[in-house]
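Structure, as structure tokens:
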């Protein structure tokens, strides 16, 4: 056992010396590796031939293995270290290359390639012309639609800006400077106010005449069919009269409140000019309505 331990220490020291020598002389390492490989092959062949003997004892085999294993153990680490050094030198010399990228071919290129391979016919020409015509028609229709939309938007803008343009011009032409002759302007304002009151009175009289005519016709119809009327019909008529009276009173209250609050200074809510025509429903009476 002591002999084997001493033998291993010698092997390790020889391996360190060989590695230092290999680092200093890399060219000699290559030749040493080749020699060690040839020696290992020859030793293996000798062992195989010696192992075929019949009168060989197990103790002799162990001693022979120990004696034969010493050169192999001496040479095997040298060969491994020399191969490692050669690999490291080769790896230092090699430069890292970028990874190749394979681009995918587009379907259009494949179609073009197939079309080039195929023979060209008159039908293909007709088909190409037809597709060109269809594309041209589509582009023309699209351009026409865009122009039409532009015209409609332009008309809408013009109509929005031109509403009540005449009324705006008349309002701008009015002389609202009261500092020149304040008394005269005040007198004109009273005249306009009286005209508005008379106009409102005429409208109310027309409504009153219409309601009186309706009541007169209703009274005549009641007198004609008085015998056929029942108690239930009379009650309905009375309730209807009460409702009409309530409606009339509520309308009078609204008119009074409107007359009282008509000329109060309030904050403007709608800046846009409305249609103040006589036939319109949203007709409002103001001091400029007489114009």
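Quick reminder: no glycine exception, Cβ is built from N, Cα and C everywhere.
Taken from Swiss-Prot, the feature region 'Disordered' applies to 1-99 (among others).
Sequence annotations record features per position, and here Swiss-Prot assigns compositional bias 'Polar residues' to 28-41 (among others).
Here Swiss-Prot flags 52-62 (among others) as compositional bias 'Polar residues'.
Sequence annotations record features per position, and here Swiss-Prot assigns compositional bias 'Acidic residues' to 63-91.
Note: the compositional bias 'Basic and acidic residues' (239-258) comprises 20 helix, 0 strand, 0 coil (DSSP; helix = H, G, I, strand = E, B). The annotation compositional bias 'Basic and acidic residues' is assigned in Swiss-Prot to 239-258.
Residues or ranges marked as region 'Disordered' in Swiss-Prot: 239-266 (among others).
Nonlocal intrachain contacts for the compositional bias 'Basic and acidic residues' (239-258), taken as residues 6+ away from its ends with a CB within less than 8 angstroms of a stretch CB, are lacking entirely.
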